[in-house]
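Database features (Swiss-Prot):
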| type | residues | note |
| --- | --- | --- |
| BINDING | 85, 88, 122, 141 | isopentenyl diphosphate binding site |
| BINDING | 129, 135 | Mg(2+) 1 binding site |
| BINDING | 129, 135 | Mg(2+) 2 binding site |
| BINDING | 140, 216, 217, 254 | dimethylallyl diphosphate binding site |
| TRANSMEM | 1-21 | transmembrane segment |
């Protein structure tokens with residue numbers, strides 16, 4: 001009798017595996033959410049920065065309410081995520097939106113889960129960066145840093161929880177596409193490629209944190225740009241050019257930050273070495289190269305003027 005049960009289980013598993021390889025779109029990698037992340041949002045409607053920021057904040061609040069973080073880590077993770085500029089998820093969402101004006105997959109893609117992922121990864125890096133063993137900062141965004149408020153142990157676990165949940169969000173995004181976008185080409189394969197790319201980028205960011213270089217900033221913009229491009233086009237074609245655009249933007253962002261921190265930074269700072277004037281010129285040059293690439297791919301939209309101006313404002317201290 002026991003052998004019969006084992007054989008029955010094996011047969012059922014074989015049937016499931018065969019069905020999965022033939023019809024992967026019917027199988028979820030993740031459990032469905034109990035609440036919708038967004039209501040009444042038109043994925044293809046042009047938006048300004050303020051509107052995108054408000055939309056993402058709604059998505060973030062709904063994700064936290066739905067239990068993205070559990071137990072004692074709910075409060076520190078939620079605390080860390082509040083009050084950001086959300087520039088990385090906004091970039092990702094806008095690239096997806098702009099790409100879909102040229103590509104159709106049967107239904108518009110709204111990349112809510114992917115946008116959450118890139119913000120979770122970024123905020124996890126900020127928590128680590130503020131720790132006593134790194135920058136030893138007790139203030140960020142005009143409030144206590146996570147470790148200063150909740151302790152080192154909870155801060156470390158929160159960074160880990162944010163990173164793990166980010167990968168879960170990528171998988172949820174792929175599941176959402178499989179359910180809603182019937183003409184999206186091979187979402188499982190692209191999802192696997194995205195997870196591999198993100199893992200590599202996070203490794204680069206971690207290495208950058210250890211030596212305090214721009215490589216701790218640029219990888220998160222690469223994640224935003226490339227995930228946006230892949231989800232918006234359904235392909236990895238021209239991904240090298242998109243990565244270059246991301247590098248230029250991330251470099252400009254880091255250099256602008258170096259100008260802002262010129263008088264307070266105790267570690268490596270490009271503006272201290274090369275001077276504020278030269279650094280500002282490099283910011284402008286990097287943004288111009290990024291703009292040229294985005295124009296070439298027909299994804300430079302009006303919101304980029306706002307995004308670029310925010311980088312300039314950081315450099316100017318306004």
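Quick reminder: no glycine exception, Cβ is built from N, Cα and C everywhere.
Location within the structure of each feature annotated in Swiss-Prot.
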{"residue": "85", "record": "isopentenyl diphosphate binding site", "contacts (Cβ under 8 Å, 6+ apart)": "53, 310"}
{"residue": "88", "record": "isopentenyl diphosphate binding site", "contacts (Cβ under 8 Å, 6+ apart)": "118, 119, 122, 220, 221, 223, 224"}
{"residue": "135", "record": "Mg(2+) 1 binding site", "contacts (Cβ under 8 Å, 6+ apart)": "129"}
{"residue": "140", "record": "dimethylallyl diphosphate binding site", "contacts (Cβ under 8 Å, 6+ apart)": "126, 130"}
{"residue": "141", "record": "isopentenyl diphosphate binding site", "contacts (Cβ under 8 Å, 6+ apart)": "83, 84"}
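DSSP assigns residue 135 (Mg(2+) 1 binding site) to coil, not to a helix or a strand. Residue 141 (isopentenyl diphosphate binding site) falls within neither a helix nor a strand when secondary structure is assigned with DSSP, and so counts as coil. When the record's dimethylallyl diphosphate-binding residues 140, 216, 217, 254 are compared pairwise by CA position, the greatest distance found is 17 Å.
DSSP gives residue 129 (Mg(2+) 1 binding site) a helix state. Taking the centre of the Cβ atoms of 85, 88, 122, 141 as the isopentenyl diphosphate site, the nearby residues of that chain (Cβ within 8 Å, site residues left out) are 84, 86, 87, 119, 123, 126.
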